[in-house]
Amino acid sequence: MTPGARITAAIEVLEAVTAGDVPAPVDSVLGNYLKQRRYIGSKDRTAIQALVYGIFRRRARLGWWLERAKAKALPRNLLIAHLLLIEKLTGPELRSHFDGRHYHPYPLEGGETVLADRLEGKSIDHPDMPEAVLLECPGWAEAGLRAALGERFTEEMRALNDEASTDLRVNALVGTQEDAIAALKRDGIFSKPALYSPVGLRLGGRPALGGTEALKSGLVEIQDEGSQLLALLVGARPGMQVVDFCAGAGGKTLAMAARMENKGRIVACDVHAKRLERLTLRQRRAQAHNIERRPLTRERDPWVKRHKGKFDRVLIDAPCTGTGTWRRNPDAKWGRGGLDLAEMTSLQYAILESAARLVKPGGRLVYATCSLLAAENEDRISAFLADHPDFKQMSIFDIWQETVGTDAPPEGAVADSALRLTPARHGTDGFVAAVLERAATQDEAEEE
Ligand SMILES: C[S@@+](CC[C@H](N)C(=O)[O-])C[C@H]1O[C@@H](n2cnc3c(N)ncnc32)[C@H](O)[C@@H]1O
């Protein structure tokens, strides 16, 4: 493909993202777009992806420039701004791509020409930009993130705008960390043990993993180190009865299954049956044989009531605004996040209340989100503890030693007994998690 044809593809993807009332997630739009065009080669795919994600990583600053030039944030305008401000194209270079030939975008017209003239030679950052624009922080999350991150707001926002590393989890059901490092090396991929997760590997760069033996054989799974740590902190052990209440496609279910060495039972629940279905193939490949998939109609599905007090461990990896995953999904900032926040917090509480019923006396409930906002984490936990005196929060320091087998990282990973992982400090996605234990007896709860 020529650079111009790649620009056309990026414009088409942006048009598809913004076609509905609510912006669609970029990863699925891009995935579908490329799936329907299998003739597009891997270099072109990477270039199209870089263009599209590059725009969402700089969406606030590009939008600021467009507003200043009185231009709408339309896909073509965003591409024009990106090519001039980020890729530093000159006006003639830009016009050589926008010339309507060979799948190139049609020539600049009207306001686009004025826009191009105004942006040529400028740099993306401007001293008049508000800090939130410079840091690419959406308005709906700014106050909450400033409160949650305090003096670390700037550093963490910068890290949240970087690209994430690729992390792998070694599946102990198939082999060891050394086996995985050697298998990846045979496919020309360099990896090293992750900093905190004893089952983690971090890759140099972003190599294509699809065809590697390590992935195909189930020896490794792609999983952010933060997710690995969260699954470890659940403390699922061989022989236990475990529920992964918001299992999705089962990333954490598989991580817990490996800890259980195929002994005991793990029930993967979700209201999206299609997501759970994706676990079928993954669990076969991972040689995990103790997983039961349980689609739910809603969080208060009758199955939950029938299984009250039956489980040693219940993980709630709750649906959230995903502010901790902006490195991977920068478009989530500009979607319906603000609207989501109010809906999410009530859904999170409803899930907590329902799933807590599954925990047996003396068992543990682990509540986590990949959002850094207190409204989705600490506030939900304290409201739940106030309403449920039979649960008490455990110290993450103790749980980390018990389940990960090392000392918790000293760099601010624990705040108010909860785990707080952030990209600048820990090199992981942002995660917050709390471990709650149910009193072993009714008397114990009353004594508290
Ligand atoms: C953060 S994602 C889970 C990711 C998954 N645990 C993993 O490791 O890949 C949250 C999940 O919660 C599910 N969910 C949303 N509403 C729910 C509800 N009311 N009850 C149970 N699960 C729900 C979503 O379908 C989504 O898969």
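Cβ atoms here come from the backbone N, Cα and C positions, even for glycine.
Quick look at what TrEMBL annotates:
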type	residues	note
DOMAIN	156-439	domain 'SAM-dependent MTase RsmB/NOP-type'
BINDING	Asp270, Asp317	S-adenosyl-L-methionine binding site
ACT_SITE	Cys370	active site, nucleophile
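Positions of the features from TrEMBL, shown on the structure.
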residue: Asp270; record: S-adenosyl-L-methionine binding site; contacts (Cβ under 8 Å, 6+ apart): Cys246, Ala247, Gly248, Leu276, Pro295, Leu296
residue: Asp317; record: S-adenosyl-L-methionine binding site; contacts (Cβ under 8 Å, 6+ apart): Leu230, Asp244, Phe245, Cys246, Ala247, Gly248, Lys252, Ala368, Thr369
residue: Cys370; record: active site, nucleophile; contacts (Cβ under 8 Å, 6+ apart): Gly226, Cys320, Gly322, Thr323, Gly324, Thr325, Asp429, Gly430, Phe431
Asp317 (S-adenosyl-L-methionine binding site) in three-state DSSP notation: strand
Asp270 (S-adenosyl-L-methionine binding site): secondary structure state under DSSP, collapsed to three categories: strand
